[in-house]
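Summarising the annotation, Swiss-Prot assigns domain 'Obg' to 1-159 and lists sequence analysis as the type of evidence. Sequence annotations record features per position, and here Swiss-Prot assigns region 'Disordered' to 127-147. The annotation compositional bias 'Polar residues' is assigned in Swiss-Prot to 129-145. The annotation domain 'OBG-type G' is assigned in Swiss-Prot to 160-333 on the grounds of sequence analysis. The feature GTP binding site is assigned by Swiss-Prot to 166-173, 191-195, 213-216, 283-286, 314-316. Marked as Mg(2+) binding site by Swiss-Prot on the basis of sequence analysis: S173, T193.
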Amino acid sequence: MKFVDEASILVVAGDGGNGCVSFRREKYIPKGGPDGGDGGDGGDVWMEADENLNTLIDYRFEKSFRAERGQNGASRDCTGKRGKDVTIKVPVGTRVIDQGTGETMGDMTKHGQRLLVAKGGWHGLGNTRFKSSVNRTPRQKTNGTPGDKRELLLELMLLADVGMLGMPNAGKSTFIRAVSAAKPKVADYPFTTLVPSLGVVRMDNEKSFVVADIPGLIEGAAEGAGLGIRFLKHLERCRVLLHLIDIDPIDGTDPVENARIIISELEKYSQDLAAKPRWLVFNKIDLLDKAEAEEKAKAIAEALGWEDKYYLISAASGLGVKDLCWDVMTFIIENPVVQAEEAKQPEKVEFMWDDYHRQQLEEIAEEDDEDWDDDWDEDDEEGVEFIYKR
């Protein structure tokens, strides 16, 4: 199935049902009084994370989702039926952004997590609500309010412990094939990897971690060169980045300059991502003698001002790969995800009609009961007064 990590959709919650103006008419019961019921609330639109999904391709074709409208109230104090909700299932790791305001509504990071993205309209009030000691036959009602309408941007970001960085043909796909069951395409030309891929590295029966491979970066990626930097978002949730450097590029390019390009493009994309722990890994050492590879790696590290530990591996032959994976596993165990950060959610999203009923009833209560019919007009349609403010 084609990997799609972005989609725009329209969500529309259901409108609230209108209140009813009705009076009890029954034999032997004179002046039965008002019995108009309230309308039903409009249906909501929800997002739900599903671990069985891994792409947003479905929302490239189906772009509009509408919840059901609440039914109108009826006589005999019958309340209208609430509109049915709509649930949109998305892959775990999806970020939901309101395109109108630019705010992040939420990150779907756990299976089964639900997020309210459009709230249904409030129900209208029937005339029974407006009965008082001085107004025995109220002809007021309120209409239901419109449901929320939002244009949303869905961004799928892979959930991985380890992210891989490097120039095209640095050996990232070969590495992930060597350490996991993932089988990304491997070839001797640049940009073999066109979409991100995940691999699970199992160290033993109880220990494992997830590694993400993204397409390679080239100079000018921030300006759109190559495949650009849009895939870097898939590394935002990684705990450590493995920066793979081809120690002896076949095209004759300078490994030091290649490494600096990656660092530069990383900083252009996000300072937070650039600040993540990053390990230097020299790949393809099987192409050189051991002493020559060590000497060249040391020279590159010094040119980059790198003072931390670095690794020499050959993803093709497996040399040094196991030691690197165990060190990564140890780092992940010693640096667990902070629960507070993992569950971090944006500020409360405001919906249009949150305080509608409270405000309406407060305004009505403040009116002088003796003047309830001052604005009465015999020409009103069906003798009904509508109370509705938007």
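Easy rule for this one: first residue shown is 1, then count along the chain.
Note that Cβ sites are derived from N, Cα and C of the backbone, with glycine treated the same way.
In the three-state DSSP assignment, the secondary structure recorded for K172 (GTP binding site) is helix. As a summary of secondary structure, the region 'Disordered' (127-147) carries 4 helix, 3 strand, 14 coil according to DSSP.
Fewest other C-beta atoms within 10 angstroms, among the binding-site residues K172, K284, are seen around K284. Per-residue pLDDT, averaged over the domain 'OBG-type G' (160-333), rounds to 81.
DSSP assigns K284 (GTP binding site) to coil in the three-state reduction, outside any helix or strand. On the backbone, the CA of G166 (GTP binding site) and the CA of S173 (Mg(2+) binding site) stand 11 Å apart. Across the structure, K284 (GTP binding site) and S173 (Mg(2+) binding site) place their CA atoms 13 angstrom apart. Secondary structure from DSSP puts P215 (GTP binding site) in coil. Secondary structure from DSSP puts G166 (GTP binding site) in coil.
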